[in-house]
Structure formats: structure tokens, C-alpha cells
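J.: Before we start, here is the structure in question, set down as C-alpha cells.
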Amino acid sequence: MHFCSGGIGLHLLPILVCILSLVAVTTCYFLSLTQDHISPYFPYISDAGSKIPESCIFGQLLNIISVLAGLCFYSWHKHLLDPSHKFNQRCYRQIKLARIALCFGFICAFGMSVVANFQETAVWSMHLFGAGLLFGGGSIYALIVTYITYKYIVRSRIWIARLVLAFISLFSFILRKLMLWNIFMDYGKMTSSSIVNI
């Protein structure tokens, strides 16, 4: 599958997404560091891109990456459902799963755009909502794609590595959501008790 007759293949899309992601994170990190906006030791990615001028660069690059990621998800889906592949009735389940994976991929890409446009210092709740869509949708997408590609991968070690990474991603997402839930619950108790004491 090619973009045009010039021979630019779709295999460059995921590579471009990875390179631009690395550029976005490192550029914003070093720019934030030079502006004294963050601590140099393990800041959150969102912290590095929350203040001007790095927020402008971070937001723009994430918007571009989200569009390219959406194209990656769509091209993988179309490649899997290529008419040249002969699907029988047993493959109907995989086609259905591929469509579900595509939906979660688009949710992931949309979440990235929300994270880009709503910095944590501006609208924290929307930033968290976007991060939930990004990482939750991405984790579920990774699990579904790992399941679908099981019979196509010759070496089982590659599939096991994908499966382990997908579960680590999902586990990290769930753990983070549980931690945020506890923080919100504790904050709610502190706020209500302080109101009662007044």
C-alpha cells in the first residue's frame, strides 16, 4: 500500500510517529528546563509542555502526531482487511475485532489531541480525560491487535513480548486511574470535613 505512485510506503507512518513523539518530548523537556519551568529529575510529560513557550510546540506536535497515529490505525486496519486476503467464515471474528480495534485506535488518537489542546495548568479535568482516552484506548488497542496477530507471527517470542507489553500498559493505566480515584476521594473528604469544621 502506498500513498502515491511515488512509492512512499505506509510503513513510514509508525516510524514518523515515533520520531515526532521523541522530538516533542525531548524538545519540550529541554525548553522547559532552560526556562526553569520543571525539575530536571523525571518530570511528567505534561509538566514539560504546560507553560508557554513549550506548550505551543508540545501542542502542535501532539496534534500532528495524533493525526498520523489515526492514519496508522486506519492503514493497519485496511491492510488486515485487504481484499486480496481470502477470508473464510472463521475470520469473521477477526474482522469484527479489527473494527473494534480501529475504534479504540481512533479514541486513542482523539485523546492525544485533547491532551495537546488542554494543558494540565489550563483545564486539568479535560487534560486527564484526554489522557484516559489516550492511554486507555491505546492499551485496549494493543491487546486486541496482539490477539488478532497471534496466528500471523511466526516466532512466539515476539508475540509473547507484545502480550507482556500490552498487559503492562493496561495494568499501568488501571493502576494510575485507581491512584487518581483515591486522590479525588481523599480530597473530597478533606474538603467536606474542612467545611463542617468552619
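Just so it is clear, glycine is given a Cβ too, placed from its N, Cα and C backbone atoms.
Take a look at what TrEMBL says about it:
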DOMAIN    11-175  domain 'CWH43-like N-terminal'
TRANSMEM  12-32  transmembrane segment
TRANSMEM  52-76  transmembrane segment
TRANSMEM  97-118  transmembrane segment
TRANSMEM  124-148  transmembrane segment
TRANSMEM  160-184  transmembrane segment
J.: Return the stretch with the most CB pairs under 8 A relative to the transmembrane segment (52-76), choosing among 12-32, 97-118, 124-148, 160-184.
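T.: Answer is 97-118, with the largest number of Cβ pairs below 8 Å.
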J.: Note the mean pLDDT of the domain 'CWH43-like N-terminal' (11-175), expressed as a whole number.
T.: 86
